[in-house]
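Q: What Swiss-Prot records for 60-284 is domain 'Radical SAM core', and it gives sequence analysis as the kind of evidence. Taken from Swiss-Prot, the feature [4Fe-4S] cluster binding site covers Cys75, Cys79, Cys82. Here Swiss-Prot flags Cys119, Cys150, Cys210, Arg282 as [2Fe-2S] cluster binding site.
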Amino acid sequence: MRDSVIDIRGLDRVQRARVQAKEEAPKRWSVDDIVALFELPFSDLMHRAQSVHRENFDPNGVQVSTLLSIKTGGCSEDCGYCPQAARYHTDVEKQDLMQLEEVLAAARAAKENGASRFCMGAAWRSPKQRDLEPVLAMIREVKAMGLETCATLGMLKDGQAEQLKEAGLDYYNHNLDTAPEYYGEVITTRTYQDRLDTLDRVREQDINVCCGGIIGMGESRVQRAGLLAQLANMERPPESVPINLLTQVEGTPMYGMDELDPFEFVRTIAAARITMPQSFVRLSAGRQSMHEGIQALCFLAGANSIFYGEKLLTTGNPEAEADRKLFDKLGIHPL
């Protein structure tokens, strides 16, 4: 008996996308395609995501990073979610660029706690050359410890990506934050194209790209799908895709927004895994607010990278020991 074949010619765009979502990945993901993934029954979506995950990764392995804020607060941008913006009245205290030895001490502690990558974040719109020089020294010294290095420093000017590459930088983080259609609701001091231009400069130097977004900022499901479409359809999708859950900080414009349903966040992780099968999908900011059960569902949905211990820029993050206990419960091991 022949397997039944669905004739999709008479279906509308969304119906066709739903059928295709159950079958095979398109060469280029449309927003409709990704919305159709979101709309699958939860068990079907999880099965699809886990199947894709197992085809490309050790299903029980998770890459572990530690993120250190090497320069905090005082940023001139107006990102509506960010407590480091100088224009917002938050509890974040401005701190100048850390000294090299302070950073190296944090990197040693991260390595001892099982991290394989050390990420350095600075609250700049764009680094000045005089500020970049000490960061280059940090990258070289952390790299010499045997850790992978990552930096998030804001927009890069011509020539700066080359300097980062020469210093040995492995990853550069620069998020798109949200879909182009919703971007103006989040930030006005930097354009979407500015972000894409920085990513192009990073790619030109063959530095791995870490690029994702923030979920739960009031965007629609279609706009969440739009963010994933932007990422998945890049000429080379990001090697690392951080999916952040908005951490609401009093004093920022996005404080007091309706909280995202946890299962919608899990669906976002699953859709990211399906659309970017060879990328590491990082369960990033907001994890400290998640019940262990939701974190477990995120791992099942294809998340295979986390930030471990320390502080995630200016928001809390579960301590390393709590993470180890969760890994033990789930049979997960660090990569």
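The backbone N, Cα and C atoms fix where each Cβ goes, and this holds for glycine too.
Owing to the predicted nature of the structure, the values given are computational and were not obtained by experimental measurement.
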Q: For the domain 'Radical SAM core' (60-284), what is the mean per-residue pLDDT, to the nearest integer?
A: 92
Q: Per DSSP, to which secondary structure element type does Cys119 ([2Fe-2S] cluster binding site) belong, with helix, strand and coil as the options?
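A: Where Cys119 ([2Fe-2S] cluster binding site) sits, the three-state DSSP reduction gives strand.
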Q: From the centroid of the CB atoms of Cys119, Cys150, Cys210, Arg282, the recorded [2Fe-2S] cluster site, which same-chain residues not already listed sit within 8 A by their CB, in sequence order?
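A: Neighbours found: Ser65, Leu67, Arg117, Thr152, Tyr171, Asn173, Ser240, Pro242, Ser305.
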Q: What kind of secondary structure is Cys79 ([4Fe-4S] cluster binding site) part of, going by DSSP in three states?
A: coil
Q: Round to the nearest Å and give the CA-to-CA distance linking Cys119 ([2Fe-2S] cluster binding site) with Cys79 ([4Fe-4S] cluster binding site).
A: 21
Q: For Cys79 ([4Fe-4S] cluster binding site), just count the other CB atoms lying within 10 A of its CB, please.
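A: Excluding its own Cβ, Cys79 ([4Fe-4S] cluster binding site) sees 21 Cβ atoms within 10 Å.
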Q: Output, ordered by sequence, the same-chain residues six or more apart from Cys210 ([2Fe-2S] cluster binding site) with a CB under 8 Å from its CB, or 'none'.
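A: Within the chain, Cys210 ([2Fe-2S] cluster binding site) has Cβ neighbours under 8 Å at Cys150, Thr152, Tyr171, Tyr172, Asn173, His174, Pro238, Glu239, Ser240, Val241, Pro242, Arg282.
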Q: Helix, strand or coil at Cys150 ([2Fe-2S] cluster binding site), per DSSP?
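A: For Cys150 ([2Fe-2S] cluster binding site) - judged by DSSP and reduced to three states - the answer is strand.
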